[in-house]
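Here is what TrEMBL records for this protein:
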- 12-32: transmembrane segment (TRANSMEM)
- 44-65: transmembrane segment (TRANSMEM)
- 96-118: transmembrane segment (TRANSMEM)
- 125-143: transmembrane segment (TRANSMEM)
- 163-184: transmembrane segment (TRANSMEM)
- 205-228: transmembrane segment (TRANSMEM)
- 248-265: transmembrane segment (TRANSMEM)
- 272-289: transmembrane segment (TRANSMEM)
């Protein structure tokens, strides 16, 4: 009985992000002592800014992973969103109109991908890989393989400016993560996503509109990718094909570290934020200490393996 109680406590502690909180605190203390300049207000705001884009991407993919699916188009949709926006703005279109069109393009990708998946029942990895390539190709066509620069101070300040020293990007991230948290973990829609991911046959028997839910999840994922692209575009004041593509694997990694499972049925939006902060903290500390990039890749890989292995062992005990 005592061992059973310990097991339940351990699983609950891990599931609610307690393990990641402890490890993050330990890493924070380590860098505070070993990395000169880490424990400063300037660096704190740098960390908040650095984690914003990948956290928005990760929040979006959390919906799809909770379904037990995957969306590889998050690698190139941010660049497409930025490309559409910048090209249209440079052609004289009002910012609001260009923003809406870019939003519609990205949401359309999610809708079409989700629709094809539910209609054909092909694996989402295949459909979204194709969507990834198409989005990348469209971005190349729009930008003509060069950086499309734009100058709009109001747009830049709105999405990538500062309030005092506080980065506006982090506020946008907070808004989208809060929206994701409410939708995934406080609504019937979110419970349906988890139910479908856990047992699709049982969900269908329970009368859940599985097709509608899947399509909606992919649309949401694409909308979050759109927002990541807008933030990246505002930060750099340009759009170029392939921009932000390196964030896809990091976004998936932080969701897994945060407690979401690729098998479906378990989505953890607060854990996604913790995972993003954790990996951003490590990256920031390594950069300050001048540690080589390849070491960072190795460490991140080991962290993911260790986290998932620990969770697996805890669940089997």
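Just so you know, the numbers here start at 1 and follow the chain as drawn.
Quick reminder: no glycine exception, Cβ is built from N, Cα and C everywhere.
Where the annotation comes from TrEMBL, it is an automatic prediction and has not been curated.
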Result, the transmembrane segment (272-289) in contact with the transmembrane segment (248-265) (3+ CB pairs under 8 Å): yes
Range from 44-65, 96-118, 125-143, 163-184, 205-228 with most C-beta pairs under 8 A to the transmembrane segment (272-289): 44-65
Dominant neighbour of the transmembrane segment (44-65) in 96-118, 163-184, 205-228, by Cβ pairs under 8 Å: 163-184
